[in-house]
């Protein structure tokens, strides 16, 4: 295997921008070789080689300085983390010894000891994983610099490359600190074996095990994603044509959209989530650290695509069965939309270890913390999920309409096909805003410095709740007036909506997105440091 492929398959996506620009250096070398003058003109040839070597090794020094700076930062971070974990372990063991003495003296035991041990177990496992990634980072970059130096010597023979490796590369912490990093990894293994697993090294290494960095994506996921994605695309084209014919020839547009709008929205959201994860991994955004995920069970975009395409194909198939129910001999097509309602719950709550089981269980745990927002610690993942519920509020409302429809349909009520709003709709629209409001207040109360930004953010969600309440009152009282603008609550609703919209939009653009902080130059209205490349900006 060529080193290019080895380098690409071994690198850590979250640190992609911190590696040596191997392809750029190879391109620079390849261009120099192509423009090399004829060797017969010795003086011109030698001058060209000397000038290029000066330029090449200056660029190589710049790359080495950047890579070494990041490695120094990570090593310093690892030293601090290692010292902190050892202090916590020593403190916990001292409390354990005190608990034994207290038991002899008749004192009550410490109730939180098992929970603290589990936290320390996970902390050491994550720290060990980060050390292995750092070691891999060191090895890859060091090998890259050696390869680039050798390639320069191959096309421009001189002792400069060998001297650069000995005097410059081997003098940096990228080479010097490798022994310390290796000893730190061994020490973590010994500590974990002795104190966490009570001397059982096999059990310790099983918990600390790091999956192979070159482990390919399972062909099962690739096959299922390709299969269901192909079926989804073909079915979508057929469904679009069939729906157009249905809408032209019959008057079932309203019923069709009401019955399938919720599942269609959720289907689009699933594919959008796949796109997000793919972009995060492509540009090196460390979403594993941001969302506090288990780095040993990462969910790559192809796994999510297999689930999203399966759900999308099932929803489109339900639409086709609804449209062409007569061809299939089905008398009552109104039960087909149930597929889009029941299938997401089956996928999410399925206890079988298929379809991203760790990710699904993580979502359920996170959802439980969202429901209990005022009473438990709020992490970034909880913030994110509550925001997603806000984006899916119309989808949630549509699913409620669908459930209410089937309840009325089963009782054969006259208002079965009336999709009018009620009090439950107002509650459903308020819930996501309430979750975020409670989370902001909880973060403010838990913080020692009491940042005002949490309360400012909380007001944005409070304004959303106020708008929903006023809108509900306006709809309930509209029947008392001859015109909608004769109702004073209409004007209150318009004003509150404008204030809430302007306030929330300003918060999103200025605080969440960090825009409009630069007012001149090439990055006008953007940030000082851009993560996404220009083609995605």
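The backbone N, Cα and C atoms fix where each Cβ goes, and this holds for glycine too.
TrEMBL lists transmembrane segment at one of the ranges 491-510, 511-530, namely 491-510. Here TrEMBL gives transmembrane segment for one range in the set 162-184, 185-207, 300-322: that range is 300-322.
When TrEMBL is compared with the stretches 259-280, 369-390, 391-412, the one noted as transmembrane segment is 259-280.
The domain 'SPX' (1-166) scores a mean pLDDT of 79 in the predicted structure.
By the Cβ criterion (under 8 Å, sequence separation of 6 or more), the transmembrane segment (221-247) is in contact with the transmembrane segment (300-322), since 3+ such pairs are found. Counting residue by residue with DSSP, the domain 'EXS' (416-537) contains 84 helix, 0 strand, 38 coil.
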